[in-house]
Amino acid sequence: MVYDRNRDEAMAQSKERLESSDYAERPPTSDTTDSTSTTSSVDYDPQLHTLRSRATEVDLERHTTRASDALSRIHTQRLQHALTVGESVKSHPSKAPLPPFGAGKPYPPPLPAREDYVVEFDGKDDPLYPQNWPLKRKVYISAILAFTSICSTFDSAIFSSSSKSVANAFGVGLEVSTLSSSLYIIGYASGPLIWAPMSELQGRRLPIVIAMMGFGIFNIAVAVAKDLQTLMISRFFCGIFGSCPLAVVAAVFSDIYDNRTRGVAIAIFSSTVFLGPLIAPFIGGFINMSYLGWRYTAYIPAFMGFFAFALNAFFLKESYPPVILISKASELRRRTKNWGIHAKQEEIEVDLKDLIINNFSRPLRLLINEPLILAVTVYLSFIYGLLYCFLTAYTLVFQGVYGMNAGVGGLPLFGMVVGLFIAAGYIILSSGSYNKKLEANGGIPVPEWRLPPVILAGALFAAGLFWFGWTGFTDSIHWIVPTLSGLFTGFGLLIIFIQLFNYLIDTYLMFAASAIAANTFVRSLVASSFPLFSRQMFNNMGIQWASTLLGCLAAILVPIPVAFFFFGKRLRMKSKYAPIYEKAEEPMSDENEIAAETNGPLRE
């Protein structure tokens, strides 16, 4: 009887403690934020910034403080994490009786509140926080990740130069051998559904290390394949493992760079990523012409993948703050012998249902219900598909029309490479004016600021397509003329991608991961179809008219960013997922602050 009474009392106390701790873990609403802000030891800035999300799955209200953007960013990362992989431990109700504790022991008394034992970063200047790392460490990590991403994008295009050789080796048509490139891109669409949630649970480093090992192994399988089925299946898995850097590296940059430097870093990184598929065709062409043969267009990416695996395994530091805190908690437990010390990340209970909803259902719902995401996805899918369409078009023009060999015929793609670097330079130079506007607006980004460069880039991209088609269909025009069209298409390609991705991030904030997941999945599926019909389209319509068709489609899509520039705010106001940014334009006096609390803050 004493045992049962002790057990019942312990269960009741545990339930009460659990309810109180669960309440403490819920994201703060406006009421809880107001009550807790008065007890904070941090002085609040007189200029109050409020972020509200109407009818979203989480009610948010954030006040920016003098404690640095780093700390408010930690809070935002927690919200993004909760919306991707879930929050802390959940209590699953069970009708089964509670099992005995064992060995005749009574149930122990309830533990103190979990929050008292959760480790945190030590203020805004904590050297463990990734954005406070030395610049030298950030640079070498960025270089490693840039090379890792180049391995993936390089492999996506180098094998396309072997299509004829593969068709001859296995006795199939050219269309069938081209399917190897499409399957790789389909792997790009599927892989992020695995790597993105894994990076939110286990950190950024582990998925990249695993993926680069798998990437190298399956490229070896492609190189030694004895039948077409093995080659095709292996190419698909190369795409799945190769998609990890593209899904995770941007998150690493978000971890280690703040708002003022991230734009420059991502511009440089993105230009190197697009560099891969543009330099791969001429390298693959020279390999196919040499004694090495087509199989080395798979061996070389495999060697690159294994080298990237070694670099990441030995030199890449974990940058995901929740996982860094796990290491900190582990060290504190070991040195203090207090087993209760833990990180918030260690409380997570992985729920398959939640993972499916967060990583499959929500991106689909966003794609269907959000016109902003749908329109941006259509635009980027077309642009991304043309990147792989160019690999076919340049082959037909410079090898078919101008009679260049497979190696030299890929060199004109350097026109697009130069355009990419011009675009990267433009973004770097314009980042100063963007930061000034951001500072003048109290650190609150306005998504529409990203769109004017997209409008210009879209027009130049369409012009580049017309230029390429109507100067590359005859050898009476010097080959340098269609080559120079790559300046426009390369510039437009990078600007459109970077600025529209930033637009999605600024618009959807804590739902940005789901918005980008929806975009990436559809974009990769659409792009995978372009290599299958592009050769027939250019052969049947003629180079000039096929390019005209693509140029007209590109011109039709230019009004999308124009419409968002003028009507984007109105669409955001109607969205269930896009937060509403609000700010008080000037520091408030006590009387004005009371009035603001009564009437609500001013809208953007």
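Cβ atoms here come from the backbone N, Cα and C positions, even for glycine.
Per TrEMBL, the feature compositional bias 'Basic and acidic residues' maps to 1-25.
The annotation compositional bias 'Low complexity' is assigned in TrEMBL to 29-41.
What TrEMBL records for 141-572 is domain 'Major facilitator superfamily (MFS) profile'.
Annotated region 'Disordered' per TrEMBL: 1-48, in sequence order.
Marked as transmembrane segment by TrEMBL: 139-159 (among others).
Under the heading transmembrane segment, TrEMBL lists 179-196 (among others). Long-range contacts of the transmembrane segment (179-196) within the same chain, counting only residues at least 6 positions beyond its ends with a Cβ under 8 Å from a Cβ of the stretch, are 84, 155-157, 159-160, 163, 166, 207, 211, 231-232, 235-244, 246-248, 359-360, 388, 513, 517, 520-525, 527-529, 531-532.
Sequence-distant contacts of the transmembrane segment (208-225) (same chain, at least 6 residues past either end, Cβ-Cβ under 8 Å): 145, 148, 151-152, 155, 159, 191, 195, 231, 234-235, 237-238, 240-245, 248-249, 295-296, 298-299, 301-303, 305-306, 308-309, 312-313, 316. The transmembrane segment annotation in TrEMBL covers 208-225 (among others).
According to TrEMBL, the feature transmembrane segment maps to 231-252 (among others).
Positions annotated as transmembrane segment by TrEMBL: 264-284 (among others).
Residues 140-141, 144-145, 147-148, 150-151, 154-155, 158-159, 161-162, 205, 208-209, 212-213, 215-217, 219-220, 222-223, 238, 283-284, 287-288 of the same chain lie 6 or more positions beyond the ends of the transmembrane segment (296-316) yet place their CB under 8 Å from a CB of it. For 296-316 (among others), the entry in TrEMBL reads transmembrane segment.
For the transmembrane segment (372-397), the residues of the chain that approach it from at least six positions outside its boundaries are 156-157, 160, 181, 185, 274, 277, 281, 366, 409-410, 412-413, 416, 461, 465, 468, 472-473, 482, 489, 492-493, 496-497, 500, 503-504, 507-508, 515, 518-519, 522-524, 526-527, 529-531, 534-535, 538-539, 543, 546-547, 550, 553-554, 557, 560-561, 563-564, 568, 571-572, 575, 578, judged by C-beta separation under 8 angstroms. Look at TrEMBL and you will find 372-397 (among others) tagged as transmembrane segment.
According to TrEMBL, the transmembrane segment annotation covers 409-429 (among others).
Within the chain carrying the transmembrane segment (449-470), a Cβ under 8 angstroms from the stretch's Cβ atoms is held by residues 383, 386, 393, 397, 423, 426-427, 430, 434, 437, 482, 484-489, 491-493, 495-496, 499-500, 502-503, 506, 543-548, 550-552, 554-555, 557-558, 560-562, 564-565, 568, all 6 or more beyond its ends. Sequence annotations record features per position, and here TrEMBL assigns transmembrane segment to 449-470 (among others).
The transmembrane segment annotation in TrEMBL covers 476-501 (among others). Packing against the transmembrane segment (476-501) from elsewhere in the chain are residues 266-267, 270-271, 274, 278, 376, 379-380, 383-384, 387, 390, 397-398, 402, 404, 412-420, 422-424, 426-427, 450-451, 453-454, 456-465, 467-468, 516, 519, 561: each is 6 or more residues past its ends and has a CB under 8 Å from a CB in it.
Annotation comment: TrEMBL describes 508-533 (among others) as transmembrane segment.
The transmembrane segment annotation in TrEMBL covers 545-567 (among others). Beyond the transmembrane segment (545-567), the same-chain residues lying 6 or more positions past its ends with a Cβ under 8 Å from any Cβ of the stretch are 372, 375-376, 378-379, 382-383, 386, 389, 393, 448, 451-452, 454-455, 458-459, 461-463, 465-466, 468-470, 472, 500, 503, 537-538.
Within the chain carrying the transmembrane segment (231-252), a Cβ under 8 angstroms from the stretch's Cβ atoms is held by residues 141, 145, 148-149, 151-153, 155-156, 159, 166, 170, 179-181, 183-192, 194-196, 199, 204, 207-208, 210-212, 214-215, 218-219, 221-222, 225, 266, 269, 273, 301, 319-320, 520, 524, all 6 or more beyond its ends.
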